Amino acid sequence: MQTAGLVVLYVAVATLAPVTEAQFPSVCTTADHLRSKECCPVPAGRRFTQPCGGPGRGSCRVIPDGTMKVYDHKPNWARDDRSQWPKLFFNRSCACEFPFSGYDCSKCVWGRYGSACDVAKTIVRKNVTGLSSEDRVKYQTYLNRAKTVVSDYAVATEFYDTMVNSDGINPSFVNVSVYDLLVWMHYYASRETILSPDNDICKVDGDCVLDMAHDAVGFLTWHRGYLLEMERLIQEVNNDPDWALPYWDWTVSEQCDICTNDFVGANDDNGNLDSGSAFAGWEVLCTDSEEQHNILKPCDPNHRRVPPEKLKRNPGTQDKGKWGDSIDELPRKEEVDFALRFATFDSSPFDKTSDCVFRNLVEGYADTKTGKYRPDDTGPNGEKIPGAHTLHNHVHLYLNGTMSDVPSSANDPIFWLHHAFIDRIFEKWLRKFKPAVSEYPLDGAPPGHNRDEYIVPLFPPYTHESVFKASTDLGYDFEGVDADGTSDGDEEGNTDLGECKNGSEAVSVVASIATPLATISAIAGALIIILLTKN
Ligand SMILES: *[C@@H]1O[C@H](CO)[C@@H](O)[C@H](O)[C@H]1NC(C)=O
Ligand SMILES: *[C@@H]1O[C@H](CO)[C@@H](O)[C@H](O)[C@H]1NC(C)=O
Ligand SMILES: *[C@@H]1O[C@H](CO)[C@@H](O)[C@H](O)[C@H]1NC(C)=O
Ligand SMILES: *[C@@H]1O[C@H](CO)[C@@H](O)[C@H](O)[C@H]1NC(C)=O
Ligand SMILES: [Cu+2]
């Protein structure tokens with residue numbers, strides 16, 4: 001009886017959640033598919049008989065090259081499964097005709113809905129402060145459902161060369177819940193360790209981890225694509241195509257005003273979520289630990305700790321000596337306004353050391369008084385002087401818990417609300433400066449961050465360039481942002497750029513070429529984020 005009940009429940013849940021987006025569709029994770037390198041499923045439903053739906057919907061094609069950059073100077077590069085994403089695994093996928101999309105062309109492009117994708121709709125991301133209690137509860141129940149409903153994407157738990165080698169083909173994929181899929185994706189992009197940090201190569205050049213989502217120019221576009229996927233998944237799992245991700249304006253309060261049980265949850269002095277809060281029972285995965293980083297494998301989402309590892313959050317309690325005097329309070333609106341004065345999106349070397357550019361200010365390695373990158377320093381008496389941990393990074397650290405380990409931070413449901421606000425700041429910048437696409441570097445950025453490289457690990461693949469445009473072209477808008485990027489309460493006329501002149505001391509971003517120095521700083525950047533998040 002009990003078994004039958006479970007089966008019925010599973011079927012019901014599976015019907016509720018027909019499709020999801022991300023690593024590889026489960027149907028493509030068989031030995032045959034890995035052998036042929038083709039992932040072109042026939043969409044479900046009687047009317048479809050051909051891969052990708054056939055004429056009028058989509059066809060199977062060779063995946064166009066991203067820039068196909070080869071980072072030969074990085075010894076691990078050839079062994080990184082994400083290099084030339086996704087072509088190590090698959091070189092053919094569905095090309096869908098407008099307005100269709102998805103791995104089998106059964107979905108719609110951003111901004112289109114309905115079974116024929118003929119309903120155009122712009123959803124609006126709203127300020128959490130103004131949400132009705134009904135919408136707050138929705139956030140809790142919708143994410144909780146995603147935490148249990150099984151995704152139709154499976155994730156890899158081994159490196160490719162362990163699965164496909166001279167011994168044959170042994171697919172190593174596992175099914176995961178929709179929410180855990182998202183956590184896995186963020187982790188995979190940020191930190192796929194190929195060699196142990198103790199390995200000699202790592203000791204020599206520090207090149208063990210390449211972050212394809214942070215610490216470089218792709219930070220804003222990577223997270224934009226990721227949030228779009230998340231929003232769509234939550235809509236689908238909950239059968240609510242009108243749902244939009246809310247944003248948390250953390251500048252309105254010095255302390256976390258949404259860390260209460262009627263939203264993301266209160267916590268005790270040890271950083272444990274209140275047992276009466278909506279996410280108190282959640283187990284975290286892919287967290288920073290010996291097992292995950294030294295076993296030389298991608299994160300296995302089914303690897304659980306005993307006792308279970310739960311979400312942690314302890315806002316405002318972070319060590320000031322380590323992170324700076326302002327770390328016990330949230331960033332201020334003046335800092336956001338300062339970043340938004342910078343017309344230059346990014347500059348060579350397009351990483352965490354870039355001075356006087358919008359992206360590095362928002363991401364949080366540049367000082368929001370001077371505009372310049374500021375690393376940790378040592379004072380005259382050997383004391384540590386914390387570097388800049390501003391805006392985006394500041395909020396992650398301030399929350400002091402799961403959110404402070406950046407690679408696994410998407411475990412915490414507050415992640416999405418924080419990043420929706422970061423995306424809103426990005427949107428204000430896009431509407432204010434209306435950049436040409438050439439403002440985004442074609443070359444010279446760290447691996448995975450260049451304009452026409454694919455956003456790892458989204459599948460089917462799409463590029464950074466494809467989301468470097470107004471959100472209204474991607475089917476969503478923000479409450480309170482008008483067409484030229486202004487909103488209520490914006491300062492007028494202030495042109496203070498700290499130590500940066502004319503918006504930038506930077507060279508033009510167009511077609512810059514990576515210098516050896518850039519490479520070194522990219523490596524240093526990757527290392528520093530590990531140190532930063534490992535504490
Ligand atoms: C795709 O991969 C298959 C299997 O390895 C190979 O036979 C084929 O030549 C590849 N096609 C392209 C266009 O790279
Ligand atoms: C969000 O709402 C709060 C409270 O009404 C307000 O103070 C704040 O300015 C709003 N933020 C944005 C970005 O509109
Ligand atoms: C994942 O679930 C699908 C659908 O139930 C199933 O066909 C597939 O074999 C599962 N994959 C793995 C790796 O368990
Ligand atoms: C919070 O910050 C303190 C001081 O840096 C640290 O000791 C503690 O481990 C952090 N984490 C949590 C969950 O409180
Ligand atoms: Cu991130």
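Just so it is clear, glycine is given a Cβ too, placed from its N, Cα and C backbone atoms.
Taken from TrEMBL as is:
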- 299-312: compositional bias 'Basic and acidic residues' (COMPBIAS)
- 480-494: compositional bias 'Acidic residues' (COMPBIAS)
- 214-231: domain 'Tyrosinase copper-binding' (DOMAIN)
- 412-423: domain 'Tyrosinase copper-binding' (DOMAIN)
- 299-326: region 'Disordered' (REGION)
- 480-500: region 'Disordered' (REGION)
- 1-22: signal peptide (SIGNAL)
- 509-532: transmembrane segment (TRANSMEM)
Quiz prompt | Local confidence of the prediction over the domain 'Tyrosinase copper-binding' (214-231), expressed as mean pLDDT | solution = 97
Exercise. Please indicate, using numbers and ranges, the residues of the same chain that are 6 or more beyond the region 'Disordered' (299-326) and have a C-beta under 8 Å from a C-beta there.
Key: 155, 157, 174, 176, 180-181, 183-184, 187-188, 255-256, 259, 264-265, 267, 269-273, 279-287, 291-292, 384, 386-389, 394, 397-404, 411-412, 414, 535
Quiz item: Which residues of the same chain, at least 6 past either end of the region 'Disordered' (480-500), have a Cβ under 8 Å from a Cβ in it?
Solution: 127, 333, 337-338, 340-342, 355-356, 367, 369-372, 424, 427-433
Quiz prompt | Cβ contacts under 8 Å made by the domain 'Tyrosinase copper-binding' (214-231) with residues that lie 6+ beyond its boundaries | solution = 21-22, 110, 123, 182, 185-186, 189-190, 243-245, 345-346, 350-352, 359, 362-363, 365, 392, 406, 416, 419-420, 422-423, 426, 440-441, 445-446, 448-450, 453, 455, 458, 462, 464-468, 474, 476, 522, 525-526, 528-529
